[in-house]
Amino acid sequence: MHALALLAASVTVIGATMVITRKVAVHAVLYLVATMLGLAALLVMLGGSFAAMLEIIIYAGAIMVLFVFVIMMLNLGQPDSAREKEWLRPHVWLGPGVLAAIICAELLYCIVPLSDSVPSVVPITAHDVGLSLFGRYVLMVELASFLLLAGLVAAFHIGRNRVEDR
Amino acid sequence: MPVFSFNDTLLLATVLFSVGLAGVLVRRNMIFMLMSLDIMLNAAALVFVGAGARWHDAAGQVMFLLILALAAVETAVGLAIILCLHARGRPTLDADTGNLLQG
Amino acid sequence: MGEILLPLLILSPLAASEILFISAGRISARAVGTVACAGVGLSAVISIVLSVLLLSGPATGLLQATLWPWMHIAGFSADIAFMLDRISMVMILVVTIVGLLIHIYAASYMRDDPGVARFFGCMTLFVASMLVLVLASDLLCLFIGWEGVGLCSYLLIGFWYDNPVNTAAARKAFYMTRMGDTAFLCGLLLLATAVGSLHIDTVLAAVTNGQIAPSALNMAALFILIGALAKSAQIPFQTWLPDAMAGPTPTSALIHAATMVTAGVYLIARLHDLFAQAAPVMALTAVLGALTILMGACTALVQSDLKRILAWSTISQLGYMFLALGCGVWQAALFHLMTHAFFKALLFLTAGAIIVRTHHEQDIFRLGGLRHTMPGLTAAFVTGASALAGLPLVTAGFYSKEMILSGVWPAHFRLTHELTLNGHFLWGMALLGAFLTALYIFRCVFIVFFGKSGTTTRGQTSRLMTIPLGCLCVLSLCGGIIEMPTTFPPLHLFSALLDPAASHSHADEPGWLVLAGAVVPLAGLAVAWVLWGRPSPVMREMPGQAVVIRFARTGEGIDMLYDRLFVQPFRFLTWLTRHDILDYIITGTGRLTRTASTSVLRARTDFLGTLTLWGTSGIRETDRLLGQIQNGRVRWYAAWIAGGLSAGLAMAMLS
Amino acid sequence: MNPLPALVLLPFIGGGLAWLAERIQPAPSSPSRNASWWAMLATLIVETLLLAWITFSHPTSHTGPWLEHFSMPWVPTMGIAIRLDMDGLSLSLIWLSLILCFLCACLATRQATVKAGTFHFLFLTTLTGIIGTFLATDLFLFFFFWELMLVPMFVLIAVWGHEDRQRAALKFFMFTQGSGLLMLLSILGLVITHDRETGVLTFDYFTLAQTHLSPTLSMLLMLGFFIAFAVKLPIVPAHVWLPNAHTQAPTAASVLLAGILLKTGGYGMIRFNVMLFPDAAMYFAPVAMGLGVVGVLYGAWLSCAQEDIKRLIAYSSISHMGFVVLGIFTGSRMGMQGAIIQMLAHGLSAGSLFLIAGAIQDRLHTRDMHRIGGLWTAMPRLSATGLFFAVASLGMPGLGNFAGEFLVLLATWQVSPIIATVTTVGLVLAAIYALRMVNRVFLAARREGQPPLKDLSVPQMAAFACAMIFLIVLGLHPQPFMTFSAPSPLSVMTTNSLGGHVP
């Protein structure tokens, strides 16, 4: 495994663990952005350069920025992080941790026989993705647009109620 | 020897997925749950792109694209709900208090 | 010629009875009497003409008349056919002439009775069915007459139906004869299957040429004998005749003295070839006859009712006839039948006249000393009594009884290879019977007519009643001379008349036989005179104290025995099972299933109750548990989803 | 126009007319001017004329197997056709039904004043069912008429009956209907086996008679038929419905029930048991004869102790029907003809006895012999007729019953003398119950406090007289009836069915 790949993988994993363990929300969001960048690097190595670019632009760029806005709006102060500390007692980690470990072990156990000799990874360019996107999966694109529209309407509706209550 | 074998991708995705899962289960604050959820989504997306690369099929990346759309919408709605809860006088954003649907 | 006269013979009384039945309410008593007498009179005239016709013809000639085929199917053929030969000639003469006399007598006797038309309707119907019985040449056709006669006797005995005793007696008579008839029917069935037809001559031909197996022959003879015994009220079936006296006296005279009861004798005489082949049955007939003679005579000796005495005497005289039949001398039986018809009818009619004149008093002890008030009736009764007793030379009874006695003496029966029944023993019993007959009849004569006078008498016997009595007196006196016993001048008109072929071989018979037959009745008369006749009679008052006499009076208690043995249990059992048992069972099961189903239902509901009790509590419990799981916390849901995922993967791994 | 369908449908149409007549002229002042009654009488007369024409258009001398034939497809796909065939047996039984209906019309139906129209309609529908049963030679049609006969009779008993009529009518219906279904099973079984064997789906009696059945199957099918007819012709275990049905039925209904419905059982047994499954019938014969004897003795035994006149007559008819079963299953022609004569004679004698019992009940409103007392002095004509028919029913030679019973006994004697001798005991019992009734009801002392009684009128007496004459003729001269009403042998029928029928 190439050193660069190892580096990217480790950045992703450490970032992910830091996200779930931080008490302060803003720190968590920043760590999340780091994991996503690591992930993008990995995607490039996998030959999905178009996907990596999308990851960086949409995911890290747009969604994470949304997160930051919302966290700032919520104005989480000191008492919140104190409460987070109280919530994250070590014994709290025990139950879900064990469950997650079990699932990870089972997945690993199942996945090992699947992968076999790996042929050379030929990068899949944006050209191929575009062809298949609007070739076979044109219907999926339409459905995706419906999804986005629904999400838009929902967000707007929930947001609007807040004004009336005042 | 390719830079990053499919086997490794799966390995990494599993780890990421379990970490995300743990996060969702542990954290009581909704925002943190959403973030952990995004980690899980990314793990899944990773596998799709890995598989696309492995079998030389653009479908993997098409699926990645859709997962992105999904994540976007999900985050948007989630945050809207959080804002609404926060405004309604739920400063603590505790996931356990919203249990009106108790059986 | 015979073709028309024979059916006409039967048709005339039948027509008379139909006319009487249809015009029941509308014509006067006198008109009824005349129609009845006309009907029977016409048949009497026809029978005389036919007899003359028959006698003028060849010796074994007979007149045939086949009216129409009754039943012709594969394997059996019967038709309504009549024939007249010498035996049936004697019978139709007896039936019609005695019948006519009795009808003339009854015309005045029953004139003031409201149901006179019904009475004469039944009487003429009776004569018609008796003629059918006598003339039938087909046993099945004979059976019609046989049952018809039984029915008419039922109707006539129960004539005064207001008194339930009469109707009970009538029913009893019919049931007893009906039992005999079913036995007779079984005999007919047996013969019909064996021979294929019931014509008398075909049957007798089949018997003679041995077509029927001996066992079947014996069985058929036994069945027919049982039928005859029931009809003639012999030993096992004799209890119905004394009760039959409940009917009007002319009925008793015609049916229970002259004709119906002798039907059995005629039947056996007619089928004598068949009986000749069945030795054990002949022996049984003879023994039963002898026993009946003695039993009848003893019971008559102690009776106090005038008509019952005559009834029991009829039974014993019939015993004589059956004895004669048993010993094979059926000609003697028929001769005795004829003479008996004359003097018994005479006795019954005079008794009727006496009863009418003494305000329906029937007890002989209250009747005493009637010879002064009714000299004519006394003379008639005495002639009848002497004929019954068989006083020698003077009366017809003597000759016929003599003929029977001489016939019985030589007979002997081989019952089983070593046991043979000798005729002498039977002859002795018959002689004792003759003595007892003379004894009881003259007891009755002396008590009723001699001695101090009992009841007051009224009126005068009408002329219409005296003429028949006169004729019967003549007949019973000189009716016997046509058949002389052997030692007397050889005058065998009667047996020659019957079947000239039968040669008489009485030559070796000892001379003293006839003497004994003559002396015995006189001895009876003397003993009766000593006991009851003398001015200071020995046993004037009621001799009824002795238990034996009281026992004997009720006909040896056989009547009570039958009543307790058959009638009571039958009535009780039928009463017990009057509600249909099967009905109960089936409707019962219906009710049972209903109750069962309701009880099962109730049980089920209880069971279900307990069941549901547990169920609900269990469910509520689980419900509570499940409720806790759904505590509304999102994270717990996520945790459960993860748990499910891990379980699924575990499954995938393990399998 | 073939007379047979007319014969069947005429009573039904007549019934409709009677019902209409009642509608048009509802409450007649006196029963004699009752329009529906006249309509019924007219139908009966026309029916008799039609029957007479059929009888005399065929010289009765030759015992031609089938006098009349009529066939019209009804449900072609199932092979069901309206096949009506008349032979001597069905003709004589139809004559019996018509005579009894005339007797009923003259003597019994006058009293049914309430809703007379429907009464006559139901009465004539039952008659249609009966005539149909006697003529149908298509098994489906036979079953159809078999059930048709049942329903109006049920209504007749249930509506116009006496005190406990509902229960009796229901019991009657349940018994006969249940057994009818068993027969339906057998019919279907037969048809299916025939279809499977020859590929031809037909309900026709003649063709079905040729199916080769295994012994067990033919015994099973035969049993199905036998049970249905055993309930109808009451054989002892299944006779329970008869006494109740008779005691509660109105006079006309009980005459019809006793006179003809029992005969349909006998007719069915001859036609569909003995002739359709000859070997199974012979194999089953000892059991059936045993049942017959039990029936004779049990019926007679029970009627000796009855207090109710109609119940007594009902039990006596069970005893007489026992003779019929005995005769049918002796297997010989003589037994069969004896059974037929017995059926005809019993129809007349039992029917008339029921009419008399009905007349007594109309006058004295009771059937209990204790409360009736002697009637001879008050009603000599009625009592004389009653005496005549009681004597006929006890089997007096020279009358119809004896001819039938003698032939049956002779045929049974040839099969086994013991059974015959045991049956003759039944004759003695018959004498006991008949004379017990006579001495309780007719020849007995008049009961004081008896209301003034009106004797039979001359026309009624005339009706009874012709019944008497029929009985005497049947008793003394049964030969023409025997040759005439012999059931046509099966073999002859089939040849006819193939070669087209006598017009």
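Backbone N, Cα and C define each Cβ position, glycine as well.
Here's what TrEMBL has on this protein:
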- C:70-120: domain 'NADH-Ubiquinone oxidoreductase (complex I) chain 5 N-terminal' (DOMAIN)
- C:90-107: transmembrane segment (TRANSMEM)
- C:119-137: transmembrane segment (TRANSMEM)
- C:136-412: domain 'NADH:quinone oxidoreductase/Mrp antiporter transmembrane' (DOMAIN)
- C:143-161: transmembrane segment (TRANSMEM)
- C:182-200: transmembrane segment (TRANSMEM)
- C:212-230: transmembrane segment (TRANSMEM)
- C:251-269: transmembrane segment (TRANSMEM)
- C:309-331: transmembrane segment (TRANSMEM)
- C:337-356: transmembrane segment (TRANSMEM)
- C:425-450: transmembrane segment (TRANSMEM)
- C:462-482: transmembrane segment (TRANSMEM)
- C:512-532: transmembrane segment (TRANSMEM)
- C:634-654: transmembrane segment (TRANSMEM)
Worksheet item: Under 8 Å, at least three CB pairs between the transmembrane segment (C:425-450) and the transmembrane segment (C:182-200) (pairs 6 or more apart)?
Response: no
Practice prompt. With DSSP as the reference, give the number of residues of the domain 'NADH-Ubiquinone oxidoreductase (complex I) chain 5 N-terminal' (C:70-120) in helix, strand and coil.
Written response: 29 helix, 13 strand, 9 coil
Worksheet item: What stretch, picked from C:90-107, C:143-161, C:251-269, C:309-331, has the most CB pairs under 8 A with the transmembrane segment (C:462-482)?
Response: C:90-107
Worksheet entry | Long-range Cβ neighbours of the transmembrane segment (C:90-107) (under 8 Å; 6 or more residues past either end) | 9, 30, 33-34, 36-37, 40-41, 43-44, 47-48, 50-51, 84, 119-120, 123-124, 127, 130-131, 134-135, 248, 250, 253-254, 258-259, 266, 334, 337-338, 341-342, 345, 349, 352, 464-465, 467-469, 471-472, 497-498
Worksheet item: Per the 3+ Cβ pairs under 8 Å rule, pairs at least 6 apart in sequence, do the transmembrane segment (C:309-331) and the transmembrane segment (C:251-269) touch?
Response: yes
Discussion item. Can you work out which residues elsewhere in the same chain, 6+ from the ends of the transmembrane segment (C:182-200), have a Cβ less than 8 Å from its Cβ atoms?
Written reply: 75-78, 81, 83, 137-140, 143, 146, 206, 211-213, 216, 219-224, 226-228, 230, 270-271
Practice prompt. Note the mean pLDDT of the domain 'NADH-Ubiquinone oxidoreductase (complex I) chain 5 N-terminal' (C:70-120), expressed as a whole number.
Written response: 89
